[in-house]
Amino acid sequence: MVTLYLHVPILLLVVITARAAPKPDTHNPFDELSSVAEKQDLHYGDRSRKDPFIAQNDVGNNFRDGTQENLTKVRSKVNQYDQPFTFKCPLGETIKSIGSIHDNHYEDRQWDIDCKPAGYTMGISTWSPYANDYDGSMNFECNEGSVVTGMSSIHDNYYEDRRYQLMCSYLNNWKRGSCAWTSYTTYDASFVELTPTGKFLVGMKSQHNNYYEDRKFKMLYC
């Protein structure tokens, strides 16, 4: 008996898929936070607030704004994690918004600060001494007639904390009038504070927590 072996060629089809080069990461978390406010038209923070910044709703980020007219995109960070920074508003401008994002890997915050025209003739500007020690509390206010126009900070990896200096600028013919503190922000949470219409940022309080290795902040607006 003759056995025939039939060799059938096997065709292998190799499909090569061309992949486009990955797009650069342009995600900006500050823009994401700001877009929430713009879309939902809300005031953010704790429902229990009893000041001119009373919140109507929560979004879980302790993200707050002053008034709808003041809503603005917080555009870019002013520091890298673990790195020092110094920020000053341009001459004749004051703080329009101040925002921050916390990172649990670095145990540090990135800050964003935006400015607006002061509407007053500006006099002398001075930097404060450091307003806090590492792991210590902060309770700072500019002198009467002056408003916050800058922030400087250094970070320490041993304490996983920052020390802060604030710059105050004198506004000619401006007096404080009515003032109000915001409520504290939340440890490990992002926040954006927008200066209410007709007000200025004049003070800041802060407390550090070693469990969270983070600070919570409250702002004084007049």
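Yeah, the Cβs are placed from backbone N, Cα and C, and that goes for glycine too.
Disulfide connectivity taken from Swiss-Prot links C179 to one of C89, C115, C222, namely C222. Disulfide pairing as given by Swiss-Prot: among C115, C142, C89 connects to C115.
Put simply, C142 (disulfide bond) is 13 Å from C179 (disulfide bond) when counted between their Cα atoms. DSSP gives C142 (disulfide bond) a coil state; it is part of no helix or strand.
Between C89 (disulfide bond) and C222 (disulfide bond), the C-alpha separation comes to 18 Å. Cβ neighbours within 10 Å of C115 (disulfide bond), excluding its own Cβ and spanning all shown chains: 18.
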